[in-house]
Amino acid sequence: MSLVKTVLYALTAAIVVVMVYGQENSIVISDSASTGQENDLVTPNCLGCLCEASTQCNASSPCHTPAGGGYYCGAFLISWAYWADAGKPVLKGDNPEAQGAFENCVLDLHCAAVAVRQYMKKFARDLPGVTADCNGDGEVNCVDFAHMHMLGGFGCRDSAILSSEFYKRFDTCWKVVQAAG
């Protein structure tokens, strides 16, 4: 991999870290869940690779409805259902039940990152009839979070993800991160 590409991935991860950790008190999680433990679960590097794989971490990525249906917004391409499963985090002063609260959150890089962390916190434990180890390697880590991010917490074991553009970008980013130690 070229040095330029490696530097770009590292820069993307660094930007995500600054954006995510720079606004500590600006997000409210509507179900009163704590935001401490999930910060350790989804590392900044993992978050950066999920963002890179989703939109090349384009913080100005608008909401859109792709040809296959659905409605996805922001740098992480989050759907309303994903956001709701994450506990409907909102920007400070917003109401999770208000029209536009979803878009306001997921179009804000920091709030969107909180949603991703909360979502992974919810699905990173085994639930009845569901295993959090999406790739079957015996551990739950960022690779599993990539599966969950694209396929959902209940359907993350579909190996078809491995040939998706999302996963190819994620895998490239994650290999750079792992090589950097």
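The backbone N, Cα and C atoms fix where each Cβ goes, and this holds for glycine too.
Listed in TrEMBL as the disulfide partner of Cys156, from the options Cys105, Cys111, Cys134, is Cys134. Take the candidates Cys51, Cys63; TrEMBL pairs Cys57 in a disulfide bond with Cys51. Look at the disulfide-bonded residues Cys111, Cys156 and count other Cβ atoms within 10 Å of each Cβ; Cys156 has the fewest. Here the C-alpha separation of Cys73 (disulfide bond) and Cys156 (disulfide bond) works out to 20 Å.
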